[in-house]
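Structure first, then comments.
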Amino acid sequence: MYLPYFFLFSILLALSPSSALVQDFCVADLSLPPTPAGYPCKKPSKVTADDFAYHGLAAKGNTSNIISAAVTPAVDAQFPGVNGLGISIVRIDLAVGGVIPLHTHPAGSELVVVIEGTILSGFISSFDNVVYIKTLNKGDIMVFPQGLLHFQINSGKTPALAFASFGTQNPGLQVTDYALFKNDLPTELVNKVTFLDVAQIKKLKGVLGGTN
C-alpha cells in the first residue's frame, strides 16, 4: 500500500533542484592529461566566458606542404568549452590540387560544408567497400559516417575552404598513408599487408619520413 507513495516521493526528489547532479558543462582543464572520456573539468570558479569562444579558425591555414592542404582544429585541446558537449569543428583549406588523404575518425561522424571553391569528397563503406563520391560546391554539405575511410580533394581551379563539424569533442584521426609510411613499420611487413612493390614502399617512406 506504500508503493505509490514511494514512487511519488522518488519523482519529487528527482525534480528537486537540490538533488540535480547534471552539470551544465565541463570546460577542459588543459593542465591535466586527457582521459578516454575527455579532459577533466576545470573548477567552476576558474571558468570564464573566454572558455566558450575560440578565434583560431579565422586565419587561413598554411597549405605549403606535400598535400597542399591545411586542417586547423577546434577540438577540446584547442577549444576547452566543447569538452563533454559532443561537438567540435575544424577548418579545411585546400590549395589548387590540394588533398586531404584517405583517413578515418574513429570517435565521431563528420559533416562538411563548403564555403568557397569546389571539393570532390567521398567515403568507402566498411563491409562491401562501396565508394560514395560527390562533387561539392559552395553551400553544399556531405556527411561521413563514423570510422569510415574518406577524403577531400580540391577539384576546382581556385583555392577551396570548408568547415567540418563532428558529433564528438574530439573525433580522433588516423591517416592511412601516414600509418603505413610515416613510422618504423618494417618495409617487408608493409609489402605483405599491402602487396605494394618494395621500391615503392621505400620511396613513400622516404617522402613521408618513415624508417625501416
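Just so you know, glycine gets a Cβ as well, placed from its N, Cα and C.
What TrEMBL lists as Mn(2+) binding site is H103, H105, E110, H150. Per TrEMBL, the feature oxalate binding site maps to H105, E110. Positions annotated as disulfide bond by TrEMBL: C26-C41. TrEMBL lists 55-202 with the feature domain 'Cupin type-1'. Under the heading signal peptide, TrEMBL lists 1-20.
Cα of H105 (Mn(2+) binding site) to Cα of C26 (disulfide bond): a span of 23 Å. With a 10 A radius on its CB, H150 (Mn(2+) binding site) counts 22 other CB atoms from all the protein chains. Report note: the Mn(2+) site is defined by H103, H105, E110, H150, and the residues of the same chain whose CB lies within 8 Å of the CB centroid of those residues, excluding them, are T104, F123, F144, L148, L149, P171, L173. The most densely surrounded of the binding-site residues H103, H105 is H105 (count of other Cβ atoms within 10 A of its Cβ). Look at the disulfide-bonded residues C26, C41 and count other Cβ atoms within 10 Å of each Cβ; C41 has the fewest. Closest to C41 (disulfide bond) in space, going by CA atoms and restricting to the binding-site residues H103, E110, H150, is E110. For E110 (Mn(2+) binding site), the number of other Cβ atoms no farther than 10 Å from its own Cβ, over all displayed protein chains, is 21. Counting residue by residue with DSSP, the domain 'Cupin type-1' (55-202) contains 22 helix, 56 strand, 70 coil.
The two recorded residues, H150 (Mn(2+) binding site) and C26 (disulfide bond), show a Cα separation of 31 Å.
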